[in-house]
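Database features (TrEMBL):
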| type | residues | note |
| --- | --- | --- |
| TRANSMEM | A:28-48 | transmembrane segment |
| TRANSMEM | A:68-91 | transmembrane segment |
| TRANSMEM | A:103-127 | transmembrane segment |
| TRANSMEM | A:133-152 | transmembrane segment |
| TRANSMEM | A:159-180 | transmembrane segment |
| TRANSMEM | A:186-207 | transmembrane segment |
| TRANSMEM | A:214-232 | transmembrane segment |
| TRANSMEM | A:272-289 | transmembrane segment |
| TRANSMEM | A:321-342 | transmembrane segment |
| TRANSMEM | A:348-365 | transmembrane segment |
| TRANSMEM | A:372-391 | transmembrane segment |
| TRANSMEM | A:397-415 | transmembrane segment |
Amino acid sequence: MSTATIALRDEVIRLDQTESREARRARLSSGGLMAGIGLVLLVLAFRTKGEARYALSGYFDAVQLPTFSLPGLPTVLVCGLITLAVGAGFLGGRLNPRLRAGAATLAGIAVMLGLVTWAASGVGLPFQISNQLAGTIALATPLVLGTLGGVLCENSGVVNVAIEGQFLVAAFTAATVGSVTKSIPMALVAAVIAGVLMAAMLAVFAIRYIVDQVVLGVVLNLFASGLTGFIFDQLVQPNSSQLNSAPIMQAIPIPLLSSIPLLGPVLFNQTILVYLAILSVFLVAFLLYRTRWGLRVRSVGEHPEAADTVGISVRAVRWQAVLLGGVFAGLGGAFFTIGSTGAFNKDITVGNGFIALAALIMGRWHPVRAALMAVFFGFVTQLATQLQSLSTPMPSQFLLMLPYIATVIAVAGLIGRSRGPAADGVPYTK
Amino acid sequence: MTNDTSGLRLRGITKRFGTFTANDAVDLDVVPGEIHCLLGENGAGKSTLMNVLYGLYQPDGGQILIEGVPQKFTNPKQAMAAGIGMVHQHFMLVEPFTVAENMMLGNEGGFVLDKNAARAKVRELAERYKMPVEPDAVIEELPVGVQQRVEILKALANDAKYLIFDEPTAVLTPQEIDELMAVMQVLRDEGKAIVFITHKLREVRAIADRITVMRRGKIVGHAEPGTSEADLAELMVGRAVDLRIAKSAPAAQDVRLQVRDLKVANAAGGIVVDGVSFDVRGGEILCVAGVQGNGQSELADALIGNIPPLSGTLTLDGVDITRARPAATIGAGMGFVPEDREDDGFVGTFSVAENLVLNRVTQAPFSRGVALDLGAIAANAEKLKDEFDIRTQAVSSPISSLSGGNKQKVILARELSRDLSLLVASQPTRGVDVGAIEFLHRRIVEERDKGTAVLLVSTELDEVEALADRVLVMYRGKVVGVVGPDTPRDVMGLMMAGASHEEAVRAAAEQPTPLVEQVHEAAVHHTEASEGQEGNR
């Protein structure tokens, strides 16, 4: 046979392309969603009165930036039209695929701006942008740490539904140890140990005893809630002055950087946990993609047999990844007590562990993307709080639903089906 | 080193799983510079033996000797250290990783990955063994043949002396098989000892220096490389086997399936069937031949109604079925043997009897109103079990407990037990034993003789030659040509690579040398050259 056949085999066959079914579905659903929201904004525009004021600085900031105003009706109208146009562009398929990401971002910003302008119009108080940013960071910190714990765990092939439980036990431990020792470092170390112990329970049942990992995660969450609730009722509550009054982490301003207007205090005048969370994103990304250990973690999460045949102990690597994940989840949990009020309360983590899990999936199991998703959730949650304080026409129950609605929309429409590690949740037995 | 102790020797290896003896006192000698073929049907114990050798299983008895020294492997790492490399049937490659990452896995060097060193190592190995691969290519984006190249390089990476190829051709196209054979010959000539596990007779005859046949866990005989395929098959199966079933000339009848300008896209949006037109008459077998991934699978999926076509028309017995869903095409008399038996052919946890009525379960006599008639389902199963020689303990056993050949018999029995106007069969004998192939082929020809139109999709030239009345060759979604079944193999091979019939005939006449030998020669020169260099050092 001719040499031509040899040459043919090396090249990847390229065919004429039409749109894939999945891409089409994602395009149509996100287009429909945007068009729908655009229409809602258009309706809202004609019910918008007066103007919306935006404050760039908090009341007590050293440098006061100006407060500016946007006219209500025109702004909401334009935002609605932009969203509608992008939605129509998606639906009609006329939009150049390369421009789609940019257009979707534009529509996203338009939706936010339109919504906030509508809500803040005709209200006496200005919308505090600095508050919005600071709140986003605060809310995102535990989410980022939790999602990183999940990233490590799930990249090794162990599904972690128990981030919530890890948070809860770590939050409790940080509060009690902090109260007894009056030391932030001790409380942090205790929280990490608690997170690792919870991770060890996950590991021993998932890896050693091959329990269904989703069921196991649910059980661990219930266990964490029951255990902390019980001890809290029996022991901590009656002695709350000794056992439930931990010191609170203080913000550590970074010289120079923290005095940048607007962004300075938001990013560079934060507690040690916030800095740790930011560093952890890069640390986990480095570990997973640049080190021998990370290569092995990803290989046992994708194709454990392949790892086994080159002499890698699948179970050992999974144990390591799950336990290290517990470290980050423990740090995240500490934020709920010593990072905020210093006191523990029953089920203080209120579902944040599940939001971290959602961020993990939406971030497609990648540390940086997952962390960005966590920040997005923090942003939406803070937006809901801010709008509530403006006494907007929206019912507060609806506002509380906002982060979760955003989750569903983002998962269903904008992200589409995402593929995780191939052996995620599959126990390895020889 | 005496001749008695050189190489790798297995002595009396016994491996039991519960009461089942997978390997019963097996002896095997693997000598440097030789390709030793281990021939046997699925389930004969070949893979178990190799897994013992590779440290994945611990033997219950017997010894592994390398150069006369007894070895004990409790994990693959030890086997690798002793110079054993394995090319697995299901590649041990991490799909989202690059070639370099896969090659370095388990042997990464320092804590921080040195990807440049890994790339250099890949290039060096690829150069040394003349197996070009791109270090930064991601595995899942590579054709299967190139993936296997990576798997081979991985086995060679730590200077393996003994190479095990576990059914390496099962996933390859005819051209890729040729190329693999050439690579194996090069490695043999370099002095590697090779074990080649297969159940394909043609390959054995083409390449083996020594043949050992296994059946039911035991060595049942040795054969010379020149042994005829019929004799090898008899040794392997334990009885005489018809390799080429008798088949009369087709009785020309009316066109039953008409395909016009069909365009189909795959899930990723690639147009994989591009303007295909053909007819299938009643009483003839039209074979769709082509290298895997040239649109045949999607063509079959479009016929049954799994993928709606982008454009074109499909007509079955004068009825338009272009946009019909599977329920409608099945109702119109289409029988369908899917390419991926395990995923699409049956429900693994259902019983054989239930699987036999899977697409007719709502019809009489198998159901009355909302209730199933379990008696009728069981009676149907008993009848088909005898008729199709389905080997199962009971028709109530789950189908997943059956061998591949018997699973396929269940699927074929289910389809052929209806009155068909068209049978679409994709790779009906992939991964099936020689004995079962004979049976399946006979049933397909019998169905043709009843006047059914048969569309057979196959990448196996043996199968195409054995069954086809006409052969339609597909390449990159287009029909290259329709030829007779007596077209020479090398012409067919060239057409499968995209050459038109005339071009293929001309090229085959000009260049009669088979690919195997060409590559072989080139590689031998290379080996001599590199040996010369070593001498200079």
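Heads up, the Cβ atoms here are built off N, Cα and C, so glycines get one too.
If you look at the transmembrane segment (A:348-365) against the transmembrane segment (A:133-152), you find at least three C-beta pairs under 8 angstroms, all six or more positions apart, and that counts as contact. Same-chain residues lying 6+ beyond the ends of the transmembrane segment (A:159-180) with a Cβ under 8 Å from its Cβ atoms: 142, 146-147, 149-150, 153, 186-188, 190-195, 197-199, 202, 206, 213-214, 216-218, 220-225, 227-228, 231-232, 236, 242-247, 322, 325-326, 329-338, 342-344, 347-349, 351-354, 356-357, 424-425. Here the transmembrane segment (A:103-127) does not lie next to the transmembrane segment (A:186-207) in space: the count of CB pairs under 8 Å, restricted to residues six or more apart, is fewer than 3.
The highest tally of CB pairs under 8 A with the transmembrane segment (A:186-207), across A:133-152, A:321-342, A:372-391, is held by A:321-342. Touching of the transmembrane segment (A:372-391) and the transmembrane segment (A:133-152) is concluded from the presence of at least three CB pairs under 8 A, sequence neighbours closer than 6 excluded.
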